[in-house]
Amino acid sequence: MSSSRHSHEDLKTTTATTFDHDPEVATPRGPTSSSDNDGESFDNVPKANRRLGTLSATMLIANRMIGTGIFATPASIVGGVGSIGLALFMWVFGAIIAGAGLAVYLEWATALPRSGGEKNYLEYAYRKPLYLITCVYAIYAALLGWPSGNSVYTGEMLLNAAGTEVTRWNQRAIGVGVVTFALIVHGVLPKWGLRLQNILGVFKIVVLLFIICTGFAALAGHVPGGKPDNFKDAFSGTKTDANSFINAMYNVIWSFIGYSNAFYAMSEIQNPIKIVKRAAPLAMILVTILYLLTNVAFFAAVPKDTILNSNRLLAAEFFGIMFGARANQAISVLIALSAIGNVLAVLFSQGRINQELGREGVLPWSKFWASNKPFNSPLAGLALQWAVTLIIILAPPGGDAYSFLLNLISYPLNIFNALISLGLLVIYIRQRLDQHYPSSNPDSTTQQWSPPVRASLPITLFFFLANIFLIVVPLVPPSPGNEPYEAIPYWLHAVVSFGLLALGGVYWVLWARVSPRLGKYKLVRIVEVGSDGLSRNVFKKRKLE
């Protein structure tokens, strides 16, 4: 490895590959194996960057999973399936799907313990054409603002708590303040950002435990106005409408999204393999238990008719029954703080994804996005997600347009989850074939694949099929009254999502194929290590003879 002097920083460079070489040469280093101890050597980042321990990793996942859904979604689930008993079973089934997803992500994360999450897994599984899948994923990750929904919802809850009328612009103004606050604490004060994130994560758990304890009191009969009989005939009213059942299942699964959040920051976790093997299952089990018991608490106090017919949040009905009308302001504040914790967790992880895309070299101005300067945090990557989120918060009108954008943000994740589980299935199948028909290539990727955690083929197949379900459901005509929009087609966000990913393919064609051919050059990948200690890819144009 040779070194060269640059005007702004010292860089170590090494030529890795060109686009006319075998794509396998250009992939990241091979996976870790079950004999690897910690995974820190996989991505050689400065030791000072690894500041996440078990608590931070656990809260990073729990904060992302526990947003605002648990306070409202249980009512829609009961409305979808028609009975309290089946609604509880739906939450159990949703937890099983989420657990399968966690197992798949854990296998990938312990095999490739570097920040970036799905980006790394997709690059390993889909190597040809070179960098095509990276460009497709980059369009999704860089151009969609995940924190927007909960940022705006924070504004609505705070205005409700203050007794102020909620308008389109005052709640969005608060949303802008929330995501800007998240940018400052994570980008300028990264240590304090982590501390605040952990505090809010613990706070959410305490709030749910309080609701659960209150629910136990309700189960014992201490309900002002009388205890409802929701559990006496728990399956009465169960619907046989398949469409309603499917929509309810869809909402339950989305309530568990976030179990992969720590894997986007693997390069910042101390002993990443050891810690995520402990923190990820801990967070998943904890959130599942809290979700189930919170549902039981709600159903123990709120009559079924109120659950089905009220326009208010189920949590608000629960607090109103147990503590009186004045408790509505308190629950609004609690939900707002929960939403802020979710925004912090989402911006934290999405900023790391943008930084990793910069380190990969596929984004314009990649050096800027890849930097950890000046506060030893991915400020540029965080700022990119912040800017996109501001556009989504401020630009669209209310109603269908805003709902469409929120659905457009979430839907492509199903596609990438299906792709990474399919990639793992291919590895499993090839390994089984290699046992019967040994490969002539001892360095094949399937023979190298022996990560510290194995999801197993049945679990991976189950998760793959679950995501196919999530991809297909929005394309099925909804039952009357369950339409996602008032004036635009129900399938629009799904179709536009595929078009958005196709745009990433167009970008790749222009960047990697058309421009080099017209300009008579080929792209040469150089690996640079900057003074901030982070390696990154830089693509140089080499003129053809």
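A Cβ is built for glycine as well, from the same backbone N, Cα and C atoms used for every other residue.
Small disclaimer: the values here were computed from a predicted structure and weren't measured.
For reference, TrEMBL has these:
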- 1-12: compositional bias 'Basic and acidic residues' (COMPBIAS)
- 1-47: region 'Disordered' (REGION)
- 52-72: transmembrane segment (TRANSMEM)
- 84-108: transmembrane segment (TRANSMEM)
- 129-149: transmembrane segment (TRANSMEM)
- 169-189: transmembrane segment (TRANSMEM)
- 201-225: transmembrane segment (TRANSMEM)
- 245-267: transmembrane segment (TRANSMEM)
- 279-302: transmembrane segment (TRANSMEM)
- 330-349: transmembrane segment (TRANSMEM)
- 375-396: transmembrane segment (TRANSMEM)
- 408-429: transmembrane segment (TRANSMEM)
- 457-476: transmembrane segment (TRANSMEM)
- 488-510: transmembrane segment (TRANSMEM)
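Segment contact is absent for the transmembrane segment (169-189) and the transmembrane segment (52-72), given fewer than three CB pairs below 8 angstroms at sequence separation of 6 or more. The recorded stretches the transmembrane segment (84-108) and the transmembrane segment (488-510) do not share 3+ CB pairs below 8 A when only pairs 6 or more apart in sequence are counted, and are therefore not in contact. Within the same chain, residues 58-60, 62-63, 66, 70, 286, 290, 293-294, 296-298, 300-301, 315, 318, 321-322, 324, 334, 337-338, 341, 345 sit at least 6 positions outside the transmembrane segment (201-225) and bring their C-beta atoms closer than 8 Å to a C-beta of that stretch.
Residues 48-49, 142-148, 151-152, 172, 175-176, 179-180, 182-183, 186-190, 193, 347-348, 350-355, 358, 368-369, 402, 404-405, 409, 532 of the same chain lie 6+ residues outside the transmembrane segment (375-396) yet bring a C-beta within less than 8 angstroms of a C-beta in it. Using a cut-off of 8 Å between Cβ atoms, the transmembrane segment (129-149) and the transmembrane segment (457-476) share fewer than three residue pairs, counting only pairs 6 or more apart in sequence. Here the transmembrane segment (245-267) does not touch the transmembrane segment (488-510). Their Cβ atoms form fewer than 3 pairs under 8 Å, with each pair 6 or more residues apart.
Among the stretches 279-302, 457-476, 488-510, the one making the largest number of Cβ pairs under 8 Å with the transmembrane segment (408-429) is 457-476. Among residues of the same chain six or more beyond the transmembrane segment (488-510), those with a C-beta under 8 A of the stretch's C-beta atoms are 129, 131-132, 135-140, 143, 400, 404, 407-408, 411-412, 415, 471, 474-475, 477-478.
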